[in-house]
Every structure is written in structure tokens, then in C-alpha cells.
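Here is the structure we will look at, set down as C-alpha cells.
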Amino acid sequence: MIWSRFTSAATQLPWSLPADASAHGPALDHHLLLNLWIALALLALAHLILFTGLLARRHSAPNHLWRIEYLPLAALALLFATLTVKAERLWAAARYTGASPTALQVEATGVQFAWYFRYPGPDATFGLTHPNLVAPGEGNPLGVDPKDPHSADDHVSSQLVLPANREVDLRLNAQDVIHGFSIPEMRLKQNAVPGQTIHLHFTPTTPGTYAILCTQLCGLGHYRMNATLRILPPDQFANWLATQQKAAQ
Amino acid sequence: MTPHSNVPPTRSHGPRKLTPKPHPILSRIFSTDHRTIGIQYLILALVSVIIGTTLSLLMRIHLVWPDWPLPLHGLILPEDYLALVTIHGTVMLFFVLTTAPQAGFGNLILPAQIGARTMAFPGLNAASFWLTAIALITLLCSTFAPGGAAISGWTAYPPLSAVPSAGPGQALGMDLWLASIALFAIASTASSINTLTTILRNRCPGMTWERLPLTVWGWFTAALLSIIAFSVLLAAILLLFCDRHAGTSFFLPNGDLVNGVLHQGGNGSPLLWLHLFWFFGHPEVYIAILPGMGLTSMLLANFSHRRVFAYRTMIVTTLLIGLLGILLWGHHMFVAGLNPFASSAFSISTMAIALPAAAKVLSWLATTWRSRPSYKTPMLFALGFVSLFITGGLTGPILAQPILDEYLHNTFFVVAHFHLIMAMAGIFGLYAATYYWFPLLTATRSHPGRLLSEPLGHLHFWCTLIGAYAVFLPMHLTGLAGEPRHYAQLTGIPGPGGSLSPAGALLSHTLPLNRFITYAAFFLAAGQLLFLINLARTLYKGNFASSNPWQATTLEWHPTMNPFTPSSASDTSEISVHRMPCHYQSNKVEISFLPQWAPVSFAQGEIANATDSKPE
């Protein structure tokens, strides 16, 4: 298994995007590549004009013609406007509305320097947390209040395990400083801000294991603040959830 | 070239005469003479850029050889790496890219370009410089504070920057960082007031707004932005300081638990800091680049022997970039927890600034188009500025789209973007300015100015251009591959699985390219030694320059503006301006250019033609 990962990494070009494993990813990648190609073309064009102008024989200065002063600007304005509209539509689809009511509820909390994931259990409600109950040494890193009846069936995991092809409603918290929740393969990034709960929704598509990184400088252990996302086929996920809940009770 | 008159030379009035004779050395060091202050700012920037570059090399080494022990220090720990990041960013952005173009060349050249003999407030000017110097010393001293220097980056997001228990360097180191930047903000505001007042009040007769060189428009707009941005930064720093020491909660939410320390009481928001900081931070990058944009326009015209294409449009776009520059800070916060509608709005304002920037590029291309310019070193650096500005600028619209930022935010793609457009283009602007104005920098009463060596300058240019692209182009690729910023290590990540974990595999995947970037960074830094050699050699025995070696048309090259004034020209009293800058005639041999100060009356017939044939 290690070997197969090694060979797959070796065949991947060092600059290619990581594999895409979420439902909104392909559209994002497509738009990103379109943008990159346009930027590359404009870069080549501008340098071509620059070098041609420098190499060509001297000629009188160009006049103030609207077609060299304003036409390229109008063309660029049109191009950027098109890209903006396309990007805004994708952004609106991803962020303007919340998750569907049937989405899987998971809470992710960033703490220097780890991510914790909490599943609400069969009652579908997260128990209350209090910062003065936080005791990582005693197995309560999030400070879940044992007196709250909703806490009893909550379970906390250091791995994010999700079923494929079901929307996830992730509520992001941070206990201490700002952290950045990022899953490159899911094309996701959102800061977790202390004092705020931020909702993020997405649908994983391809089973596998993926990296969860911290992408907002959070202290000396920032570089090692990572976790693993495991996407399982729905039936395997149901088994995993059942074992976790049995362990929690 | 200038008409003679009987009025004696007027170079005697100046504040230096007014001081009641302190010790000669002291009076030279604590001078209120704007040229001396300008040189002092440039020396401060040179010291800072050497420090900043050294720190960046240490970062590059650590990133690819994390086990390399730094002599006299030992292994570079993760917190050391973050301190390197923080001090590198702070030193480079504040003490190099803000001071050198705006305060350094702003003092040395700006008064002369508008025909003024002094800055408006010489005392305030000197105070600004010394405050800046104290700010730099404070920042560098923070390295020796217990726990080391601050580790929260130049953006200093709270609560990391608000709570001393958040990490090493976040106690005294962070306080010193805040003190340093507060002093710098005060100094920059004062210096900008000086710059603005000088431009408003001290212009010589005939220097209308339209005739101001584009460099002056760059300094003017950057000074306006400085006053707006730095005052907001100063306020934000005071609030953060109160959060740290006075028990307030501007940026700290209730129940924030940092490393066992619980914050209870007021309920603030870290996002407030992000708004205040980026309201400053984004204009700040325009403050760094606007003078370079103005200079590039002027140099391309000078060495192409052409007028600036669409001069009035260039004035308007400079001001537009300034105006839009304060309206798009939110694009740094697309994934920070901003309302998604706000992200859309900031995305549009960010896209909009691409247009005045593109208009500038068009003007640069049109100015040099089929001009057969003379490739002196300043011209090469100005052309390099254009190239880097285009390359770095084209990734701007990509990062301005929130949906793409959702993948690219805080990756090396962003690092590549802002290093190309701000750092590299900014440095190319500074090099162009240094090579161009070196005769004015080095002229004294006893000898004329010297010219930096052209062959060495050419070599320096090519090494810097190739080095800059070799370092920063591959960073786009590691960023696309997912490499995040501020990671102290890419291999040997502890935790389950180590580098075989998904995160470890993702990061170590970028190592081959990162090794290449580190080698390229060494090449780029080594190339800068050529400049230092050129500098030392020229100061010692460089060729003397004539009074207007580049056939420039702007007033800083007026013979009486030169500290070394040949006797034939020294008896000119009044400077007045008769036309727009960059008045070049391409087809007339004997008078191929007309400086701004030359009155129309000499060589009547030719000039009547020349002035009438406006290109507009």
C-alpha cells in the first residue's frame, strides 16, 4: 500500500493539482485552469508586444488613438467581467446558501495544534461545551459538558470520517487562535475563528484518505497541525459510526 | 543652456544655516537637510534589505534541509522559522519597500523635481527619520527578548498576537514588534504630511499639476494613502496593546482558551483586527509600488526619447489606483469568516483595479513601442519592472475570485504573486532609481556625482531578472500543488504516519521544486553582491557624470539643483517651468530634447515648431 502510494506520487507531476474528490471540485478546477491559461496567454502576449516593440526599427511615437488606448482596456474589462461573473456564480453555489437539512452534521474544532471532530450521535444535537471544562488529558479536549443530556451520545474523533456522496454540514470552531481548515483534495478552505461558528458544506465523492491542513498561522506547531480525512462508501461509514457510538456509550 | 542674470546664487538659504553651530559631526548626523535625510533613509533601507535577504535565505535553507544547524545558534526550531518569517516580512515591507522609495528617494529627488529647495517641514522630516531608525532598532532588538521575536507574521492576527501564552515570542517579543510598528506608523504619517505639504506649497513657478512628473504623482498618491492607512494601523495597534495589557477585549472573544489561559469578560472579535489591519495592509502595498510605477513611466520615456504615452491618463490611473486601493481590503479575508456577499463585493472592487493597472502597462508598452531605446542600466531595470509587474499582476485577478481563493488562499501561489508584483517589481524600481539618480546622490560641493559602472550594472540586471523569475515562478507551481505558507517543515512532520500520512505525502511532494527554489534564491542573493561591489567601486573611483547624463527633462537635473554647480550655471536664481516633462523630439538632431526648465525663447524657430506639435 505504501508502495502504491509512492508510485502514484511519482507519476504525478510535481505541480499538478492534488486529486479532486468533491462534488464542487471539478467546476472549480475547470475555472482555475481557464484562469491560468488566460493569464499565461496574456503574459505571453504582453511580452511579445514588449519585445517586438523593442526590436523593431525606430518609428514615430504612437498617436493617441482610441483603438490603442481604450480598445485593449475595453477587451480586458470584458474578459475580467466574464471571469468575475463565472466565479461569482460558483461562489454563490458554494456559499450563498447553507447545507440541505438532510446533510450530515459534524463539528470541527481547531486547537493548537490539532483538529478535533465531533459527531452529534443519534439525538442529532451537539451537547454544550464550556471552555473551563476543557481537559485534553482527561479525554475531554473540547470541554463537552457532561450535565447536558445532549452530550451523552456525542463522540469526538481525531480523524474526520465521512460517507461518500452525502452532503456534510461542517460547523467550524476554534478554541484558542484563528486556524485555517483546509482539505486540498476537497478544494476547501475556511478559517476557524474563536468566538464564531462558521458553517461550511460540501459533498465528498471519491473514497480514500486525504490531508486536512491548518492554513492560518497559529503558532509554533502550525506546520504539524494536520489530520486525516477518510471518505468511506456509505455502508462502511454506517459500520464505523455504529462502532464509534457503541464505544461512546 | 540657462539664461544668465545678475542675481547671486541662492543656494545659501537652507535650514542648516539657521542652527546655532552644534558639533560639526553631530550637525551632519542630525541634519535637517532633506538630501542628507534621504541618504540616511536609503542607508537604513540598505541595512534592512541585507538583513531581510539573509533571513529569507535562512528560511529557504531550513525548508529544504531542516536538520542544518545554523552556526552560533544550532537547529532552527519551528518557532525560530516563524520569527524569521515575521521579521523578514516586517523588515522588507516597512523598512525597505516603504522607506526607500517614499521617504528615501522622496526626500532626495522630490523637492528638486518640483523646483523646491527644501521640504516643507525640515525638522519634522528629521524627526521622522530618527523615529523610523528607532523603530528598526526596536524591531531588531525583539530578537533578543526572552522567547525571541514575535512569531505571528507581519499581519499579527489575534488572538495569537493578543495573548502572551499563545507561543514563544508572543510576550515581550510581540510588545516590541507592536512598539516598533507604532513608531513606524507615526513616522510615516509625519513624513507623508511633509511630502504632501511640499508638493502642495513648494512648487516652483510654472509647475502646474499637469506638469508634475509622474514620479511626483506617485509620491503624492502614496503619501495620501500613507496618511489614511497608517493612522488606522496606529489605532489598531493601540487597541491590540490595550487587549494585551489593559484588560480590554477588542479582538478577544469571551471564553477564548489559549494554552490553559482563559479569557473571560468582554466579547470582541478577531475579525475586527483583520478589517483594520487589511484596511492598512492593502493600501500599504500600493504605497510600496506607486513611486516605482511613476518612475518607470518617466524612465521609459527618457531612454526611449519619447513622451509618456497618454500622460493625463497616467495621472488619472495613479489616482484611481490609490482610490480603489483603499476599497478592496476584504479580498484578504475571503476565507476568514466574512459574509459571502461581502466577499463578492470585494471581489468586484479588486477586479476593477486591474483596469487602471492595465492602462499603465499599455502606456509603458506604447511608450517603448518601436522607439529603439538606449539600454542603459536604469532603462533595463525599468523594463524589468514592466515585465515583473505584468507577470505578478496577472495572477491578481485569479486571486481576486473568492471561489479560486478557496483553494489558493495562503498557499505559495499567493507568496509568488505578491513577491513578483510588490517585492521584485518594487526592488527593480529601487534599482532603476539608484542607477538613474546615482550622480545626484553622490554629487557634493567639491566634486560632481559619479555614475555606477554600466557593464557591472548590466550583469547585475540580468542576474537579478533571471534570479527573480527562477525563485518566484516555481512558487506558483508548489502553491498549486497545495504547499501552504508559514510551514516550518515539509518533511519529517511528526504525527501518525509522519511523511507517509496524507498531509506528509502532500507536503513532501513539493520538495524537489523547493530545492530548486532554494538554489535559485542563493543565485539571486549572490547577484546582489554585484550591486554592492558596483556601489563600493563607484563611490571610491567611479566616473564623474556630466550635469545631465541621461538627457533628462525633469527639474532634478537642473544645473543649480546639483550640489556641485559649475560656475557658469550657478548664477541662475529663479527656476521656472515651461512645459510638461519628457519633451523629446525624435527627428531633430541639434535639439532633440527640451528640459522643463528651458525657456521657449532660446532657438526660437525650432521650438515654436516643437512646442506646437503636441502629440495629443
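The first residue you see is number 1, and the count goes up from there.
Keep in mind that glycine also has a Cβ here, set from the backbone N, Cα and C atoms.
Just so you know, TrEMBL annotations never went through curation; they're auto-generated.
Annotation source TrEMBL lists region 'Disordered' at B:1-22.
Per-residue pLDDT, averaged along the domain 'Cytochrome oxidase subunit I profile' (B:25-557), amounts to 94 for this model. TrEMBL lists B:25-557 with the feature domain 'Cytochrome oxidase subunit I profile'.
If one looks beyond the transmembrane segment (B:41-61) by at least 6 residues along the same chain, the residues whose Cβ comes under 8 Å of a Cβ in the stretch are 68, 70, 76, 81, 84-85, 87-88, 91-92, 95-96, 99-100, 103-105, 107-108, 129, 132-133, 136, 140, 427, 430, 441, 517-518, 521-522, 525, 528. Feature annotation from TrEMBL assigns transmembrane segment to B:41-61 (among others).
Positions annotated as transmembrane segment by TrEMBL: B:81-108 (among others).
Taken from TrEMBL, the feature transmembrane segment applies to B:129-156 (among others).
The transmembrane segment feature in TrEMBL is assigned to B:176-196 (among others).
Residues annotated as transmembrane segment in TrEMBL: B:216-241 (among others).
The feature transmembrane segment is assigned by TrEMBL to B:285-303 (among others).
The transmembrane segment annotation in TrEMBL covers B:315-334 (among others).
Sequence annotations record features per position, and here TrEMBL assigns transmembrane segment to B:346-367 (among others).
If you look up TrEMBL, you'll see B:379-400 (among others) marked as transmembrane segment. Using a Cβ-Cβ cut-off under 8 Å and counting only residues 6 or more beyond its ends in the same chain, the transmembrane segment (B:379-400) has close neighbours at 289, 292-293, 295-296, 299-300, 302-303, 331, 347, 350-351, 354, 357, 361, 364-365, 368, 373, 408, 413-414, 416-422, 424-425, 428-429, 431-432, 435, 457-458, 461, 464-465, 468-469, 472-473, 476.
If you look up TrEMBL, you'll see B:412-438 (among others) marked as transmembrane segment.
According to TrEMBL, the feature transmembrane segment maps to B:459-477 (among others).
Summarising the annotation, TrEMBL assigns transmembrane segment to B:516-536 (among others). Below 8 angstroms of C-beta separation, residues 53, 56-57, 60-61, 63-64, 431, 452-453, 456-457, 459-460, 463-464, 466-468, 470-471, 474-475, 478 of the same chain, each at least six residues beyond the ends of the transmembrane segment (B:516-536), sit close to that stretch.
Here the transmembrane segment (B:412-438) sits against the transmembrane segment (B:81-108); at least 3 CB pairs are under 8 Å, leaving out pairs fewer than 6 apart in sequence. Nonlocal intrachain contacts for the transmembrane segment (B:285-303), taken as residues 6+ away from its ends with a CB within less than 8 angstroms of a stretch CB, comprise 93, 97-98, 101-102, 105-106, 213-219, 221-222, 225-226, 229, 314, 318, 321-322, 325, 360, 363-364, 367-368, 373-376, 378-379, 382-383, 385-386, 389, 418, 421-422, 425-426, 428-430, 432-433, 436, 550-554, 581-582, 584.
Take the transmembrane segment (B:216-241) and the stretches B:176-196, B:315-334, B:459-477: counting Cβ pairs under 8 Å, B:176-196 has the most.
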